[in-house]
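As structure tokens, the structure follows; a few thoughts come after it.
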Amino acid sequence: MSKTHLTEQKFSDFALHPKVVEALEKKGFHNCTPIQALALPLTLAGRDVAGQAQTGTGKTMAFLTSTFHYLLSHPAIADRKVNQPRALIMAPTRELAVQIHADAEPLAQATGLKLGLAYGGDGYDKQLKVLESGVDILIGTTGRLIDYAKQNHINLGAIQVVVLDEADRMYDLGFIKDIRWLFRRMPPANQRLNMLFSATLSYRVRELAFEQMNNAEYIEVEPEQKTGHRIKEELFYPSNEEKMRLLQTLIEEEWPDRAIIFANTKHRCEEIWGHLAADGHRVGLLTGDVAQKKRLRILDEFTRGDLDILVATDVAARGLHIPAVTHVFNYDLPDDCEDYVHRIGRTGRAGASGHSISLACEEYALNLPAIETYIGHSIPVSKYNPDALMTDLPKPLRLTRPRTGNGPRRTGAPRNRRRSG
């Protein structure tokens, strides 16, 4: 298979419903990515699919295309009631559910199928109002879905298509019991089309597929290496005292168009935000305790380009699909090897190149050997001159103003480059 982002296979080559093809082409989707080219022949034949592919490989459009085609090509279950959706798409996080819904909207507009969205945090009555009018495809997180189901606001007895996205993260976040609860209220596996997608097809994910799917076909799209060949990786060994100044110096050197900085704790993220906001960067903060409306606003501002930098924890950033991220900074090396892959996979997406910079400090350097074993290669090491690090830095801000940061728009050139040769 070609290692380029797109294959020679076109959506129009498949026997897809004409309205689906029209909607795809209107949005500029003509050629399939590898995961789409593997999945569509199976789902169009009514086969269940368990797919492994990294983030940014087009798996969302693979299962949305399959879902819309299936519902348009098969009649609804007889005597279906208004509170019975025909398809259910489960996601591990609110943000991912919202983004899947946004990706599905052009297809819904073109086909007339109705979408519903269900996630926790806020919007309970607003989401419920949409559900009460009847939806064909319901996208949501498991907790809110169970809440609606227990109150009979939704009934899963007419489900014809099920999608489980980022199944490995469902396990990591402890949602597997919720998933099984929802599956038990659906028609049997052989009476519906089932799709599962995951960054890793581990034993536990395969076990779930065996339990809840109908003889699923396993498909995998493996890059040359786990971290993707379009991502330039770089590693520094700072002392704890120099770590923050090194980060700020690297940001001045790289001057990223759009960057995500990962840290292992909420407190550390807030500290980074305070330093960067004080230095005039347009920076947003995304941690688990940020209110849902604010989270969505921050993501929207970052996606639009109103913010240049996003500081986030792993939990807060899981499942996010943000285009054109040029740089990822691992301020802390993650404790989980898979989190390293997920983090740097935020850049180098959709055929673009990206740059990942990791800081192996005294506290987290012990995580490095396991990460390098997992990704199958050593991360190239770069050196820096401690005497050249930035020193003229303002006092960091504290979280007494909106976390989205209101630093002035960056203008002009960055400060002088300070990395040693």
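From the backbone N, Cα and C atoms, a Cβ is placed for every residue, glycine too.
These numbers come from a predicted model, not from an experiment.
Cβ neighbours of Lys59 (ATP binding site) (same chain, under 8 Å, six or more residues apart in sequence): Ile35, Gln36, Ala39, Gly51, Ala53, Asp165, Phe197. The ATP binding site annotation in Swiss-Prot covers Ala53, Gln54, Thr55, Gly56, Thr57, Gly58, Lys59, Thr60.
The compositional bias 'Low complexity' annotation in Swiss-Prot covers 402-414.
For the domain 'Helicase ATP-binding' (40-219), the model's pLDDT averages out at 92. Positions annotated as domain 'Helicase ATP-binding' by Swiss-Prot: 40-219.
Annotation source Swiss-Prot lists domain 'Helicase C-terminal' at 245-390, citing sequence analysis.
Swiss-Prot lists 392-421 with the feature region 'Disordered'.
Break the motif 'Q motif' (9-37) down by DSSP state and the numbers are 16 helix, 2 strand, 11 coil. Annotation source Swiss-Prot lists motif 'Q motif' at 9-37.
The motif 'DEAD box' annotation in Swiss-Prot covers 165-168.
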Inset, instruction - Indicate the candidate from Gly56, Gly58 with the smallest number of other Cβ atoms within 10 Å of its Cβ, considering only these binding-site residues. - result: Gly58
Legend entry - Same-chain residues at least 6 beyond the ends of the motif 'Q motif' (9-37) whose Cβ lies under 8 Å from its Cβ atoms: 1-2, 44, 51, 53, 57-59, 61-62, 65, 68-69, 72-73, 106-107, 109-111, 219, 221
Inset, instruction - May I ask which residues of the same chain, at least 6 positions away in sequence, place their Cβ under 8 angstroms from the Cβ of Thr57 (ATP binding site)? - result: Thr33, Pro34, Ile35, Val221
